[in-house]
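Taken straight from Swiss-Prot:
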BINDING   B:7-20, B:101, B:150, B:175  ATP binding site
């Protein structure tokens, strides 16, 4: 059996994702479609609208054969680390190829990644102006600048892939939505951006939503509690009001002095949006601030995140019979630990950051995220 | 002018407290009645039912001339430290005498305190069995055992007082309620325990409450939001779910290994009472556990509490004209800093623990506890 891999967030899974899943299989003729997916906290530093179990099930119902959780210490990171974590997991599962969307799939990402490899040390360490520094280096080395989010992410997949002993085949494909940030759902369209889908769901605009998401996603969005940052704001504010700045200065991705600014703004801010707006300055992007806010909420320190990143693992969220057969095939030679259930030891050690991330999410959605959960086995056969 | 001092919590101020205030003045014929009062967090490790400003105003309306806040790093401590903090403040204000209630005021506390002074080192450091160790030492030195809460506190006042260069005159008086823990309000009685008053207020049993509290207290209890531990439970649970045990092990009054137990019980507990009940064992009293829970909620570490205890201060919550005149008289020779308003520097440094304690309380009651607040000046003269 051969496998194709995807690195995803599915926040939530919409028709564009479904199309992408099918295209990945058709393009590669793979026997098994493997999805690495962020858990309850996402790359833009925000909670997923639906929890990881619901989103994993939707993936299995719409073309995935095996869903693996991207641990929180990679999922809530800047593009190059997010990409590194995902590529590492797909490679560990011996995927032959990886398919992903890009705004400009015609770009020669391989050439760009090779050209910049020598300069890697100068920008792989995260800081306030990562995107700027990255593009300066890329511009200097190749004359090219990447501005679109998925072009940049695509580049990061190439950069991560080329560090592997056995690189996978990378297949960038055209995204169905040119503009990731389009926030409206066009009439008569079967496709919309994730942002538009989330806005429609939160506004309970079911009529607009229905045409652009699979039936299972529609059911999930109409029946489950939908999470957003404002749900967690009371906890974040409380945290920033009580933590010592010597401690908050150690939170992951915190910039020098930002801990004081966050502490000061937490005193009077009344909502999460208000808070981020007050903290915002030219030095920090909104995404960066949201990621720091996520680290603060989860009390993730830079030290524990970096330590965890050196010990990636395969956490199984679900599989189809094909996915199970594939897992069985590769099980014996896996270079990373494989976890299907969480026990007391994993909760306190190897999986402690994911457990913590899920437990905080659970404070709002009320569904256990780790304890007592077992991977989905789809399709469910009755009888 | 001469002053008499009281060390109080007023949770909330009831007829017994009012009687005590008048008796203190009459007994000493003092010109000024000074009250040192816990702020928003109390000695038993719980939030005050009414905030410190409301309670300070009630004190001024019922016989106090000057109200000083006992800082949180003394207020939420075991008896000997609570007493030390209070005695230090009254002594700094040059009080001539201190009046306090005891179950057995006829005891020769002075003799007991003197007898045990030599052994002090063996029990003044807080640990799981402070009361037991204390009584063992007292028993060995004097043949006496103190079991009633206010007898023990009285002893601690004597012990703290005798370490002063100029000890004050201490006057223990009989409490009007023999049993501090009586939880019901007797029909036709004008007096009830604090526990009974709080229970009636939380149950909105206004008919039972009215005869046993001053009119101002009655108004406050019927019109203001009443705080209790359950209000803060979501924040405490969130904190215990996200904090690293290496960090929570540093919280003030945490016992060895207790941080693991608290973390484990926080996973499944659904209410504060449920949580404390699950954590409870023979090794820890309920009061001890509540104090540790308070430290966890406020993220107070043992290191910062001990550091703060070496820098006590006089935070003024309110005064009458007599209190103001007395303050004016002693102002020039105060051995401790006097604060009447909080500014940015005080908030971040000298008063940061009290500010934090008040800011968390404010998350529930919605009233600023420090910023923009000025001492009460009573009586208010209109026109």
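Cβ coordinates are placed from backbone N, Cα and C, and glycine is handled just like the others.
Annotation for the binding-site residues B:10, B:19: lowest Cβ count within 10 Å of the residue's own Cβ, B:19.
Under a cutoff of 8 A between CB atoms, and with a sequence separation of 6+ in the same chain, the neighbours of residue B:13 (ATP binding site) are B:55, B:58, B:59, B:62, B:213, B:214, B:217. Summarising the environment of residue B:150 (ATP binding site), the number of other Cβ atoms within 10 Å of its Cβ, over all protein chains shown, is 19.
For the recorded site, residue B:13 (ATP binding site), the DSSP three-state label reads coil. Neighbour counts were taken as the number of other C-beta atoms within 10 angstroms of each residue's C-beta; across the binding-site residues B:7, B:16, the minimum falls on B:16.
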